[in-house]
Amino acid sequence: MKAIYRDMCPNCRGAITDERLAAKNPCDACLDEPISMDDYFQLVTAIRKALKLKGVLKEWEEIYALNKEVKEIEELFKKATGFTFWSAQRSWVKRIIKGKSFSIIAPTGMGKSTFGAFMSIYFALKGKKSYIVVPTTPLVVQTVKKIKAMMEKAEVKVNLVYYHGNLKKKEKDEALEKIKSGNFDILVTSSQFLATRFDELLKDKRIDFMFVDDVDAFLKASKNIDRSLMMLGFNEEIIKKAWEIIKLKKQLAKLLQNESGNEEVEKLNREIERLEREIERYKKENKIGILIVASATGSARGDRIKLYRELLGFEVGSGRSVLRNIVDTYIIPEKSMEEHVEELLKTLGRGGLIFVPIDKGIEYAEQLTNYLKSKGFKVELVSARDKKGLELFEKEEVDYLVGVATYYGTIVRGLDLPHLVRFAIFTGVPKFRFSLDLEQPTIYRVLGLMSEILEFLPEEKRTEGEKLYARLRRLIRNIPQYELMKIEEALAEGLELEGFYNHVLEVFKQAVEFLREALKDEEVLKKIAENPFLSLKQIEGKWYIEIPDVRTYIQASGRTSRLFAGGITKGLSVILVDDQKVFNGLIRQMRWRFVEFEIKPLGEINIEEVLKEIDRDREKVRLVLEGKISEQVKDLVKSALMIVESPNKARTIANFFGQPSKRRIGDLVAYEVSIGDKMLTILASGGHMFDLVTTEGYHGVLLLEKGGKRYFVPVYDTIKRCRDCGHQFVDWEEKGVCPRCGSRNVYDALENVKAMRDLAQEVDEILIGTDPDTEGEKIAWDIRNVLSPYAPVIKRIEFHEVTRPAILRAINEARDINEDRVNAQLVRRIEDRWIGFELSQKLWEVFENYNLSAGRVQTPVLGWIVQRYKEFTESETDFLGLTLENDITIILEGVSGDVQEVYVKEVTIEEREINPLPPYTTDAMLQDASRFLGFSATHTMQLAQDLFELGLTTYHRTDSIHVSNTGIEIAKEYITQEIGEEYFAPRKWGEEGAHEAIRPTRPIDTGRLIQLIRDGIITLPRNLTKDHFKLYDLIFRRFMASQMKPAKVLYERAVIGTPYGEVEIEGYIDVIYDGWSRIKPLPLKKLPRLEKDQILKVTEIRKWRAPKVSLYTQGDVIALMKERGIGRPSTYAKIVQTLLQRGYVIETKSKKKLVPTEKGIKVYHYLVSKYKDLVSEERTRQLEKLMDMVEEAKANYQEVLNELYEEILRYVKS
């Protein structure tokens, strides 16, 4: 037993040990002896039986009932379909049992429609009404067939009614009559039927279970959203209130963006809360049905869809996966394109798409098709005008399709055949081609070209272009493609449009004019011609620019790699390179979008092995589609819950895998995505949820006896925070009331625990992805403990950067909790509590002030600041500043006379190599951010936390300077492309350990990062401030410099003689080789060349008095902490922050120097006079080492706690 948690017993809600929780058992008051079994459901059943026998069965019944009902439903499913549930289907059933509505995003073959059809039968057998809405008549027929087949197999009868256009008149009349009178258990119609017949037939019907298959067709009439809500039991008044909330939230978002006053924000928040309470009351008083919206690739747009969020607690995602499992390759052609394609088809076999670049167009596509046909290949050309090839390909009557590589091309987007498409061939790099006068511009191409050439424009023009670009991008964000085409036509034909679209047209026109103007500038064209990523060509006397069309490449190659039930099919892409510069541009842009992207010459890959893997996946897909799923495929797709601390981290991770669907669970938002082999729900816990209590044991720690030895057990309860006064506490004085201000508006982390327990019951496994340090491990341990009884499997995942590859790797390498790290954190927290409480109470007694506090680490640090201040005040002296005729400045100390001239007494000049510094550790980053940017330690740590959570830099709490292979690759790519290959000098910088140095996660500098965010290529869940970019720039430059060759300078050291003594100066005369100084300034002054015995006239004299010793900045104090072994990367900033918060130290406004206050000086002197041995620097350093030893399993944490306890008894209690 390591700890006790109050109120966490899953049966009686009493106190329970960590051991009992981890063993998935109730507390020892409920069960005398723990029960253990391998099978989760058997364990739950056995525990229920034991609790019942003892007469203490309470909340455990809910865990049992849920699992039992799933088993029963699964039995029926097995009877009806012949299969057991997929893991994902089991999750969906659990949600339905709990009465939750949700959106299903699942790949092909996950049995969404089967599930919807089956659940409607289940509800019918319970005497409840179901309604299934599908997009088309054929699907109505198919669904009805499915339901009838299941009824027959399961030997059940329910009243099934359906309507579609192919019914005979008599059948139609009968169906309409039954619908009108509500004489049905299950109703199946198209979404068109719901839209047109709602008022006359469906408005007054109440539905218990509604299943919408294919959200896109359903949303064609956005009022279908209101219709579905009314059928589920909401009235028009409540829907209006939800609509009001949506509008208010939009206003609120605007206010927050403009950083408007608190009053308005408060007012809106109060109004939203009032409406939300009314909706909740309505839902409690009325029976509301369950809605499931299924979608493979839904792209739900518009505000109306948000009604589901406000009334049913979920948002529809898009399900569009951004996962690629593609082997990207290229060939530099040595013969004609046609011959290369012919050769490839012979090697690669059937199932290929062949894309012709847009500059070659449909004529070349026809020519290529005819050539391939003449060589005996079964191939068809597909275009917007002629799509019959698609059908032939689907029926496997042809083996290949040829089309033009454009973003909205028929075979670029309209093809989802994971079992047939094996590879894609590009007969040229997908590209945009523009004539310099921009004939027939389209909006996306104009944006693409602007994005590429803005960096070549003079600053004023660039700023104007950036504003125009941002405006046009913002305006078209929610405009569908067919409307954009109308705007483009209007520009081409010189027409006007109505309202908002005319405004868009005007901005589009300005953008086109801006580009035409820019492309007349000779200087700009020269820069384009020199650029390695764009192509400037003259064709038939006319100049053209070509830029890569990366969106089309992603879409087109993506046809070969689709998400299906069991993973992501492997695909192959081959580019025949027709333009090296555009190809370079394509690679660069792919790397910006996919950190893990790499492309190899086709000859370098093992083609036989790749084709084997491709065919193995196709076989799996066929089995899934034909319903012949072997059990092993079924187990491939698990439902999992990933828990991280912050909403930013959760959103960043979710966005790696497509546009997630969202659900509200209590105060938390859960994001859902499919990552191939997992249906992943991602949730933010909000960080620490538990802390030591204050009302039990010795300051929250029980002292027990075990085998004649003292044993310490901390008692934890959930953290509470008052929303009105901000006070944070653990123990209630009066339940639900803030002990400081009396407010009842108190947040309790218990709410988060309940929400997490609720979600935990839905999944097969839980993955805890808290920060990779002792603090993160302790949070993970708490989460593991309190969720354990609710889920069969819980694992810890650890990642040091938030990137897609790192997350996927972490999931594959999931481990158990590291108990040693937890022990170290337990010791740190208990020590902090004991010392803090004991010494603070002494301070309260002596100074009669309850705001005072003391801690072991902060005391020596306060001492340094007090001592430095003393030296500062005692060291005032005269200074004489001399500016010499060659602009050198020298300063003489303790002198106040006059000087006319000085001479060069000694001079040495030599060539010197200057090595770069290693990449940042936490302390070095805090020092530099303080020195160069004027940031406080807390501000820097918050910015670094954001950059880490948004996936831009690696974990920021580290004392390692080691660089991983991934880091070296990133540096290589950036330095080679942007500075020059000859500058790259890879360095590992030290041994590999648990952590890595702080570095960027991609080869993207600050200017490029700003551009990629502006262009929407990198989308972040929150906006970055100027300070974020400044810190990113500091980290980026320091890291890149650390991977570059040394700089070589002509170094000069000189001794200057004056009437008052000598002054030494050093610096460099010249740079011989710039090396890393290309990216970061040298840490030396530039000096003129000096000669021995040279006489130099003084041109200016300044005199002043000042202290010799300067005060510390936050950066200086942190450097000292590191040097003297006090504090750790996770505590540096907190220690300084505490001294400032307590008012022991203040920071000067302009120079940010630290000055102790009178209170601080008194507290320090009192503590040192009374408890010197307890708070000395030496003892603090020893303790830090002890905690490190606990973490490394070299010391027993109970023994360390005992030592601490004895020490406190000795020094304080006595």
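Quick reminder: no glycine exception, Cβ is built from N, Cα and C everywhere.
Small disclaimer: the values here were computed from a predicted structure and weren't measured.
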Zinc finger per Swiss-Prot sits at which of 719-748, 869-898, 989-1018?
719-748
Pick from 213-216, 493-496, 801-804: which stretch is listed in Swiss-Prot under motif 'DEAD box'?
213-216
Structural state of G111 (ATP binding site), classified by DSSP into three states:
coil
Integer Å distance between the CA atoms belonging to C9 (Zn(2+) 1 binding site) and C738 (Zn(2+) 2 binding site):
25
If you count other CB atoms within 10 A of each CB, which of E645, D771 wins among these binding-site residues?
D771
Name them in sequence order: residues not among C9, C12, C27, C30 whose Cβ is within 8 Å of the mean position of the Cβ atoms defining the Zn(2+) 1 site.
P10, N11, R13, G14, I16, P26, D28, A29, L31, V56
Cα separation, E645 (Mg(2+) binding site) to C9 (Zn(2+) 1 binding site) (Å, whole number):
23
Quick one: which residues besides C722, C725, C738, C741 have a Cβ within 8 Å of the Zn(2+) 2 site's Cβ centroid, in sequence order?
R723, D724, G726, H727, P739, R740, G742, S743, N745, V746
Under 8 Å Cβ-Cβ from C12 (Zn(2+) 1 binding site), six or more apart in the same chain: what's there?
P26, C27, A29, C30, V56, K58, E59
Specify the secondary structure state of Q89 (ATP binding site) as given by DSSP, simplified to three classes.
helix
Can you tell me how far the Cα of C725 (Zn(2+) 2 binding site) sits from the Cα of D771 (Mg(2+) binding site), in Å?
29
Give the number of CB atoms, excluding that of C27 (Zn(2+) 1 binding site) itself, located within 10 Å of its CB.
20
From the binding-site residues E645, C741, D771, pick the residue whose C-alpha lies nearest to the C-alpha of S113 (ATP binding site).
E645
Cα proximity to C741 (Zn(2+) 2 binding site), best match among binding-site residues Q89, G111, E645, D771:
E645
Return one of helix, strand or coil for C722 (Zn(2+) 2 binding site), based on DSSP.
strand
